Amino acid sequence: MNGKQAAGQKAIDEIKEGMTIGLGTGSTVYYFLEALAEKVADGFELTGVATSQKTIDLAKEWRIPMLPLNEVTKIDVTIDGADEVDSQLSGIKGGGGALLYEKLVAKASDRRIWIVDSSKKVEQLGTFPLPVEVVPFGWKHVEAYFTGKGYHPKLRCSADGQPYVTDAHHNILDLHLQSITNAEELANELDHLTGVVEHGLFIGMTEKVIIGYPDGHTETLER
């Protein structure tokens with residue numbers, strides 16, 4: 001068992017029968033979904049709400065009952081991953097390109113739990129590039145703004161070299177910041193920038209983080 005498996009399997013303890021569960025995206029969430037599918041196969045009743053097409057496809061394969069976000073009034077708990085998380089439980093998300101839908105589902109949830117392996121725990125955010133989802137129209141002007149601010153933006157591309165397109169049909173500029181000294185200030189700046197749809201700074205948006213370690217043990221952080 002590795003750290004991702006450990007965190008994913010530990011998160012199953014947070015699930016009760018009859019819940020509506022937000023299902024995140026990413027390699028650690030994969031192990032949570034795998035464990036969740038085993039419970040469903042044993043007759044455990046629940047409803048999932050996905051944050052990406054990748055998660056929808058996995059849920060269908062594993063026969064996890066699903067509903068679109070628009071068809072649920074609330075979500076009991078969302079289990080999602082993160083690319084970085086600090087001691088204040090702020091994080092960077094969106095490495096898999098699902099940041100907009102992840103944030104929408106998180107906002108609709110009563111509780112939010114992140115599952116990560118120990119490499120994602122950091123003293124300061126910013127080593128992992130910060131994803132910023134932008135509309136395709138005029139994205140180069142947003143890029144120029146970021147360049148002028150010294151944020152070192154890079155347009156995310158797919159394996160074929162073409163611009164990466166999110167499930168919502170937007171592009172992503174990854175900001176190579178190295179360190180973020182004031183995440184709240186940066187989030188506020190991005191929130192008010194025309195052309196930016198959403199960004200990968202998740203501040204005050206989780207109540208618990210489950211960290212998995214290579215030897216299989218887990219650590220839980222709460223606020």
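Using the three backbone atoms N, Cα and C, a Cβ is placed for every residue, glycine included.
Note that the coordinates shown come from a computational prediction; the quantities given were computed from them, not determined experimentally.
Going by what TrEMBL states, the substrate site holds Thr25, Gly26, Ser27, Thr28, Asp80, Gly81, Ala82, Asp83, Lys93, Gly94, Gly95, Gly96, and the candidate of Lys120, Lys121, Lys140, Lys149 recorded there is Lys120.
A gap of 8 Å separates the Cα atoms of Glu102 (active site, proton acceptor) and Thr25 (substrate binding site).
Shown are the binding-site residues Lys93, Lys120; the one with the most C-beta atoms within 10 angstroms of its own C-beta is Lys93. Here substrate is bound by Thr25, Gly26, Ser27, Thr28, Asp80, Gly81, Ala82, Asp83, Lys93, Gly94, Gly95, Gly96, Lys120 per the record. The longest Cα to Cα distance in that group is 15 Å.
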